[in-house]
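J.: One structure follows; several queries about it will come next.
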């Protein structure tokens, strides 16, 4: 039976997604399958490439009796590779995605395994499984997100230039952070926890009043042509226009703004506060839906859990960019290998001069996504040759390889998710 085959992947049309053909997700869908009709008004937020029960990929090979990837893996668990199969109970350990972000996603963090198990046991309706959910985003277009706590001096500077923020946190907590010294990291984290928790738990009416005052003041300053960067004015007005009256607007004074250029990545470990703001990325994550949210969202909010669990270690935004390492064996491959066992991602840049490229075998099932270029793929494990173009997605069983016969003049760009144990 074929062990390498094309997939047709699930789309999620969450309200924060880019609409119609502005969305990278929609563009990939449209070029990957000419029969797909893109609705110009609909958001195309996420493409799910994997075997998640809420978005199981459909197998595009009518010689295979199983209709979806999840069913096929359940019947052929050896395709995962022996180590992966044993380590992850016969399931694909990762979910690979493309995200197209138009308006901000909620301020959130993902629990570690211990907390995930506890939350799932107590509140299964909000926390659907007991797994952790580390994730990594790799930019396809310029990408922005909030990630991790800013260096304390930046937060203190905002506390001194944004009186509305100071009012919400209160004088005692603000002074505690101002006095905390860099020689006492535990004291800094404790002070930061108090400040952030006071912000997130402030009385709704009080914070809406303060937010309105702040937005009014910044809008006036901006209209007069003044520089509002000391109050992070541009981002404040943008988030407030997307989520008016939302406490999440104030988190910009605590969290780093991280900007990624195409090919740059950020890794979000357990308990790292984050919110994607705009742009397109490929994302890989452990297979879980556990998210603890606290703002910039109409969804269930769990402020207490979030404030308890967060990692309150301040660090500069530059430290949030996760590096890729170029492979010694194959200079076309750049590996993003985060400090978790569940997944790794390869960026494969085939230069125009190469007309025959081997996607090499790894000891793990993998999913391959074509971002640019065209080729005919052949594999001893495939039923027939496969046409690969922008938006094509292939499942590759462990220890199988594919030869790409390139037909595009400008090389290829591919991303491949796998599990390197």
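Backbone N, Cα and C define each Cβ position, glycine as well.
Just so you know, TrEMBL annotations never went through curation; they're auto-generated.
So TrEMBL lists the following for this protein:
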- 4-152: domain 'Phosphomannose isomerase type I catalytic' (DOMAIN)
- 108, 110, 135, 274: Zn(2+) binding site (BINDING)
- 168-255: domain 'Phosphomannose isomerase type I helical insertion' (DOMAIN)
- 293: active site (ACT_SITE)
- 335-375: domain 'Phosphomannose isomerase type I C-terminal' (DOMAIN)
J.: What is the nearest of the binding-site residues 108, 110, 135, 274 to residue 293 (active site), using the Cα of each?
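T.: Closest by Cα distance to residue 293 (active site) among the binding-site residues 108, 110, 135, 274: 108.
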J.: Could you check the recorded positions 110, 274, 293 and say which one's CB has the most other CB atoms within 10 Å?
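T.: In terms of Cβ crowding, the pick is 110.
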J.: So if I measure Cβ to Cβ from residue 108 (Zn(2+) binding site) and keep only same-chain residues at least 6 apart in sequence, which ones fall under 8 Å?
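T.: Long-range Cβ contacts: 273, 274, 275, 291, 292, 293, 294, 306.
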J.: Report the DSSP secondary-structure composition of the domain 'Phosphomannose isomerase type I helical insertion' (168-255) as helix, strand and coil residue counts.
T.: 67 helix, 1 strand, 20 coil
J.: Including all protein chains shown, what's the count of other C-beta atoms within 10 A of the C-beta of residue 135 (Zn(2+) binding site)?
T.: 23
J.: For the recorded Zn(2+) site, enumerate neighbouring residues of the same chain (Cβ within 8 Å of the Cβ centroid of 108, 110, 135, 274, site residues themselves excluded), in sequence order.
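T.: Checked against the 8 Å cutoff, the neighbours are 109, 133, 268, 272, 291.
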